[in-house]
Structures are given as structure tokens and as C-alpha cells.
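Database features (TrEMBL):
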type	residues	note
DOMAIN	39-83	domain 'Homeobox'
DNA_BIND	41-84	DNA-binding region
DOMAIN	86-287	domain 'TLC'
TRANSMEM	95-115	transmembrane segment
TRANSMEM	135-154	transmembrane segment
TRANSMEM	161-180	transmembrane segment
TRANSMEM	219-238	transmembrane segment
TRANSMEM	258-279	transmembrane segment
Amino acid sequence: LFLIQLFLGNSSRFIAKPCAINLGIQDSGPHRAQPNAILEKVFTSITKSPDGKRLEGLAKQLDWDVRKIQRWFRHRRNQDKPTTLTKFCESMWRFTFYLSIFFYGIRFLWTAPWFWDTRQCWYNYPFQPLTSRLYYYYILELAFYWSLMFSQFTDIKRKDFLIMFVHHLATIGLITFSYMNNMVRVGTLVLCLHDASDFLLEAAKLANYAKYQRLCDAFFMLFGVVFIVTRLGIYPFWILNTTLFESWELIGPYPSWWLFNGLLVTLQVLHIIWSYLIIRTAYKALVRGKV
């Protein structure tokens with residue numbers, strides 16, 4: 001986990017930031033609100049979006065126009081938003097990791113027998129060897145998701161904070177639980193499948209921050225297709241099929257079997273929610289002509 005954090009910090013400083021500057025992305029924030037102790041106290045202690053009655057009261061107290069106070073609160077809210085440079089750097093290191101770990105996973109699994117025949121995940125279970133390449137693949141993924149879990153509280157706050165928190169919990173639980181129960185073969189399939197679309201979304205964000213609109217649209221549409229195919233097609237008919245049915249047939253159910261599959265089904269529920277959001281965004285993009 002420490003090495004992951006060190007890598008993320010250095011990549012943002014020495015790679016992402018110079019790339020952003022070369023693309024013309026400036027480290028300039030939004031217009032800052034005029035310093036005002038009374039309005040700042042209301043903003044931090046009471047509400048960030050005062051209603052009409054409170055606005056009128058503040059206008060009388062400060063002898064300001066109501067629209068001026070509304071403008072102050074708008075500027076103050078925007079002041080807390082991260083700069084485009086900050087968002088670019090965050091997406092840059094995520095793109096780098098997702099792309100690297102996806103190709104590592106594909107290269108590793110290409111020679112693995114369970115990649116071509118999922119029933120191999122359960123033959124001789126639980127007496128299956130843990131190779132060094134498989135071990136490092138698992139540890140890297142686990143460290144990365146722990147890093148996401150902790151950094152979620154300090155990174156850019158987004159509307160899907162809660163659902164992402166549930167996702168990180170389920171993912172960390174699955175990686176840890178499958179490792180402890182030596183279900184690492186099927187675990188590698190789940191990890192690689194999820195990494196297949198994530199780097200495309202980060203690429204779309206990078207193009208958007210750099211104002212390459214057509215490239216952004218292309219990456220997002222490609223991301224949407226890959227996400228829906230992998231999460232609503234391959235995942236339930238390939239992954240869940242082997243964990244629910246093939247494992248039942250070959251090794252039979254046991255107490256931890258129910259927990260393992262419960263976590264996998266939780267991920268599928270999140271896939272459905274995200275697919276709906278992606279389809280809705282793509283539809284709006286087609287109507288407006290851009291993402």
C-alpha cells in the first residue's frame with residue numbers, strides 16, 4: 001500500500017502535471033468570493049445554499065443586494081471545487097495503473113488453463129499452487145483498492161461517493177476472502193474483467209480535461225460498449241456461471257461459498273446501476289452532440 005501511494009504521488013508530480021501543462025491545462029481555480037466573515041460563518045456552519053428568507057435577512061444585515069449575496073454564495077461554492085489540473089492528474093495516475101494492470105493480467109492469464117476452461121478453477125480445490133506471478137497480481141490489485149478506499153476521503157468528492165464506497169468494500173472483501181480461501185483462480189478472472197473498461201473511462205476524462213471533445217466522445221462510447229459487454233454479458237454468463245453452478249457441481253456448496261457468491265452478486269447489482277447511468281449519459285450525449 002505504501003509503494004502504491006508513493007507511485008501515485010510521484011506520477012502525479014513528475015508525469016501527470018507536466019503532461020497537463022504541455023496540453024495547456026492551467027492550475028487556476030474559479031473566481032474566489034470576496035472575504036466576508038458573516039457570510040463565511042453562514043456558509044460553513046448553516047447552509048451553502050440559503051433560501052429566500054435567509055437571503056433577505058442577510059441582505060438587510062449587510063446592506064447588500066440579494067443578487068449580490070446569491071453571487072457570493074455561488075462563487076464560494078465554486079471556490080471549493082478542484083481545478084482541472086487536479087482532476088487531470090488524478091485521472092492520469094488511475095489510467096496508468098488500470099492500463100498497466102490490465103495488460104499484466106491478460107499476459108498472465110493467456111497461459112493459464114482456467115482462462116480457457118473455467119472448470120479448471122475448481123479442479124483439485126483447495127489444493128491449488130499459488131505461483132509468484134499470481135501472488136503479485138493479487139497483492140497489487142488489493143493494495144490499489146485499499147489506496148482507493150483511503151484516498152476517496154481526500155480526493156475529489158463526487159456524487160457517487162456512497163456507491164463507490166460500497167464497491168471498494170465489496171472488492172476488497174472479495175480479493176481478501178478469495179485469497180484466504182485459495183479461490184485465486186476465479187479471482188484473477190474477476191479482476192482482469194473489471195480492469196478491461198476502467199482505463200477507457202479515465203482516457204475519456206483526460207481527453208475531456210484537455211478539451212479534445214471528439215476524442216473524449218470516442219473513448220466514452222468505447223468505454224460504454226466494453227463496460228456493458230463485460231459487466232452485463234461476460235460477467236454473469238462466464239464468472240457467475242462458474243462460481244454459482246460449476247463450483248456447486250464440482251466441489252459443492254459450503255458456508256464460505258454463500259458469502260463469496262453474495263459479494264459477487266452485489267457487484268453485479270452495482271454493474272446494473274452503473275450501466276443504466278452510462279446508457280443515460282450516452283443518450284444525452286447523442287441528443288446534445290457531445291459527451
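Including glycine, each Cβ sits where the backbone N, Cα and C put it.
Keep in mind that TrEMBL annotations are predicted by a computer and have not been checked by a curator.
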Contact ranking winner - 95-115, 219-238, 258-279 against the transmembrane segment (161-180), Cβ under 8 Å: 258-279
Within the domain 'Homeobox' (39-83), residues counted as helix, strand or coil by DSSP: 32 helix, 0 strand, 13 coil
